[in-house]
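Peer 1: Found this in Swiss-Prot, in case it helps:
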- TYR25, GLY26, SER27, GLN28, ARG48, SER51, SER53, ASP83, GLU84, THR85, GLN86, GLY134: NADP(+) binding site (BINDING)
- ASP191, GLU227, GLU231: Mg(2+) 2 binding site (BINDING)
- ASP191, GLU195: Mg(2+) 1 binding site (BINDING)
- 1-182: domain 'KARI N-terminal Rossmann' (DOMAIN)
- 183-328: domain 'KARI C-terminal knotted' (DOMAIN)
Amino acid sequence: MAVVYYDQDADLNVLKGKKIAVMGYGSQGHSQAQNLKDSGLDVVVGLRPESKSRAAAQAAGLEVKTVAEAAAEADIIQILLPDETQARVYREEIAPYLTGGKVLMFSHGFNIHFNQIVPPADVDVIMVAPKGPGHLVRRTYVEGQGVPALIAIYQDASGKAKEIGLAYAKGIGATRAGVIETTFKEETETDLFGEQAVLCGGTTALVKAGFETLVEAGYQPEIAYFECLHELKLIVDLMYEGGIKYMRYSISDTAEYGDVTRGPRLIDDHVKSTMKSILKEIQDGVFAREWILENQAGRPSFNAFRKKEREHLIEQVGDQLREMMSWLKK
């Protein structure tokens, strides 16, 4: 069973007198910085001089400096920038100021696990990764609750890395819900696999295949959209709330029978074998190398994929149908 830490396992005093630099002010950056500040900690946000987020961070009462300035004065540096920019920013603006005794932190292990960032041996390297989007991390904190998180120690130069990581997790509210111990390897590989095989890649491919099957069989695209995409949220919300068993309890018996008899025919051993090969590409670093090279080349394939996907009939139909849905934000 997983090792889980809670409020009583963490001490915010570990971070007293230390300056924490949060690099980036996106989904995780804004929530973690604000939560740390409201926990009474000394926080500075590191941003590009021209960043559009500077005004928002300042409006939240946060000190804002350039990444280099923030790195120079911080004891703890949390990098919350996009995966594809972290290595360059680290190399140019953080590494020169990452002196012995400092702490380097992440909320995703990609760049450490795949050696795009190689920290010096005399710094702690820690991951605290909330398992929810930034707005939820912030909202639950304000409500006196929290979002569960993962904690991993890659390097423990000080001998106190776990204490520091747990204190940070408490500062953002995560120990209120529970913090699960993991490793950089496990977090990175499972996160990428989930995105590719299930949550993003698997789901979108399944939805499009179902939509295309109905349209090619002569059914109206609008009806196919409702049955294969729009209603997916209803099912996912039920699973999110109570697991697969709760979803099956909530749907009709006809739907449940179709689920348990037809689902395994669709997602069969062949699909599982493909999943295993996708996982192996992640474990072996094949995907990481491919993505790194794609970015270095200016993203030609990625941009072409984006353009092609946006032109799919399902997007056109969806745009039209959502105009009928007054409850959706425009």
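Including glycine, each Cβ sits where the backbone N, Cα and C put it.
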Peer 1: Could you give the Cα-Cα distance between GLN86 (NADP(+) binding site) and GLU231 (Mg(2+) 2 binding site), in whole Å?
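Peer 2: So the alpha carbons of GLN86 (NADP(+) binding site) and GLU231 (Mg(2+) 2 binding site) sit roughly 37 Å from each other.
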Peer 1: Sorry to bug you, but what's the C-alpha spacing from GLU227 (Mg(2+) 2 binding site) to ARG48 (NADP(+) binding site), rounded to the closest Å?
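Peer 2: About 45 Å separates the two Cα atoms.
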Peer 1: Look up GLU227 (Mg(2+) 2 binding site) in the DSSP assignment and reduce it to helix, strand or coil.
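Peer 2: The three-state answer is helix.
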Peer 1: Mean pLDDT across the domain 'KARI C-terminal knotted' (183-328), rounded to an integer, is what?
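Peer 2: A mean pLDDT of 98 is what the model gives the domain 'KARI C-terminal knotted' (183-328).
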Peer 1: Does SER27 (NADP(+) binding site) have same-chain partners at least 6 apart in sequence with Cβ under 8 Å from its own Cβ, and which are they?
Peer 2: PRO133, GLY134, HIS135
Peer 1: Which residue, of the binding-site residues SER53, GLN86, has its CB surrounded by the fewest other CB atoms within 10 A?
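Peer 2: Fewest other Cβ atoms within 10 Å, among the binding-site residues SER53, GLN86, is found for SER53.
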Peer 1: I need the most crowded of these binding-site residues: TYR25, ARG48, ASP191. Count other C-beta atoms within 10 angstroms of each C-beta and give me the top one.
Peer 2: TYR25
Peer 1: So for GLU227 (Mg(2+) 2 binding site), how many other CB atoms are inside 10 Å of its CB?
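Peer 2: Its Cβ has 14 other Cβ atoms within 10 Å.
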Peer 1: In whole Å, how far is GLU231 (Mg(2+) 2 binding site) from GLU195 (Mg(2+) 1 binding site) when you measure between their Cα atoms?
Peer 2: 21
